[in-house]
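What follows is a single structure, written as structure tokens, with notes after it.
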Amino acid sequence: MNRLRLLTLWLSTGTVSTASAAGFVAIPWFVLMTTGSAANVGMVTAAELAGMLLTAALGGPLIDRAGPARTAPLADLGAALCVGAIPLAQATTGLALWSLVLLAGAFGAFREPGQTARRVAVPELVTRAGVAMERGAGGMDAALRAGHLSGAPLAGGALALFDPSGVLWISTATMLFSASLVAYACHGVTVSGAGECEGFSRRYAAGLGYLRRDRLIAGIMGLLLLTNTLDLAFTGVFLPTYSARVLHDSVALGVLVGALGGAALTGNLLFTWLGARVRRRRALFVFAFALGPVPPHLALAGGAGFAVLFGVVVVGGLLAGMINPILAAVTYERVPAELRGRVLSLTTLVAQGGTPLGVLFGGLAVDSLGLRATLSCTAVAYLVVLVMPVLGRSWREMDRPRPRATAAEAVGSTPHGGQELSDSSPPGGGRRAENPGW
């Protein structure tokens, strides 16, 4: 039963991420077909992204207070109602642009708390199921990645068969199904501190205080900010430009992007299966980081042909797919349960905060420096970022995860005003406990 709940959580994550990715395609298409304005498409898409960032910035304390058992299904239900309201209003009263912008913003605002609440529930469900944290973290990331990979193509195929309103109704039904799945998966999952009537500002300050004291988690956030910015520049600017200017083949672009995504999912699944056997997660992380993102940049900078580039992208994607579940497992093990919503929300905010700038500056760099020079610079930038886990003392704790403290301990004091906890040497000893496999 406990393992069934964990599997159901994975299934709900994949389901809602598929529906969300489909909505990210179907809603702009709906706007374009009904208004004919690309500017309106940009406004609606920007509203959705703004809603996501807003709840990532402010939603953490609310998730911690309500708990994942209530937050996750309610967020999915809210997202479903927002998407379903678009074709319903269009078919009945008509849909003004301002209403569409508000609904898109609300859809984005509901998406983020639902995903964060699922991640908050992972450690408890993993403990109940008696599986390794690496397996629980890897399964969640694999489900999310699979949904993102499949959602857009499925939406494109559905748009060929149905009108945009029909696709939005399908997305609505899928999100309602996901809400029922996550309600079952998270039933009975509680975190200490949920329901307490502490003020929003104090809860938010507690999350920030934890990040100031846990140098490893703060370092992970900084690394994700830099690497996600570079990653989106690669897939959004460098790879399309290379396919057009060097390979002269749009099909090659689709194949390379698909190969990269499929290889990353495969690497993720490999870590989910074998990650619990890895004794030195830091060494695996450094290896995957050095040989995952960097070689594809160097291959493009060197003018590689399609066959060579395909092989490099597959190997790089396979290794890069292990990075996120490693970092997720470390985060789940370290963050106190009552602070998890705040810390994970802020992690999402920071990790995604630089991605628009990555695409913008990537395009400007290609136009000013040239494609190959820009690719060489980004490869060097990855290696510079790699210095953090190689030389940073706090990163050694990846192999020695400390027990999750209480919120009072994590922010540096006990409820009676005790001493600050040092995080330079986590209590509990060196090796993490081994969990039985599946």
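Keep in mind that glycine also has a Cβ here, set from the backbone N, Cα and C atoms.
Copied over from TrEMBL, here are the features:
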SIGNAL    1-21  signal peptide
TRANSMEM  37-59  transmembrane segment
TRANSMEM  168-195  transmembrane segment
TRANSMEM  216-239  transmembrane segment
DOMAIN    217-438  domain 'Major facilitator superfamily (MFS) profile'
TRANSMEM  251-271  transmembrane segment
TRANSMEM  283-300  transmembrane segment
TRANSMEM  306-331  transmembrane segment
TRANSMEM  343-365  transmembrane segment
TRANSMEM  371-392  transmembrane segment
REGION    399-438  region 'Disordered'
Taking all residues of the domain 'Major facilitator superfamily (MFS) profile' (217-438) together, what is their mean pLDDT?
81
So if I exclude everything within five residues of the ends of the transmembrane segment (251-271), which remaining residues of that chain have a CB under 8 angstroms from its CBs? That is, six or more out.
134, 138, 141-142, 145-146, 149, 235, 239-240, 243-244, 288, 296, 306, 309-310, 313-322, 324-326
Counting Cβ pairs under 8 Å to the transmembrane segment (343-365), which of 37-59, 216-239, 283-300, 371-392 comes out on top?
216-239
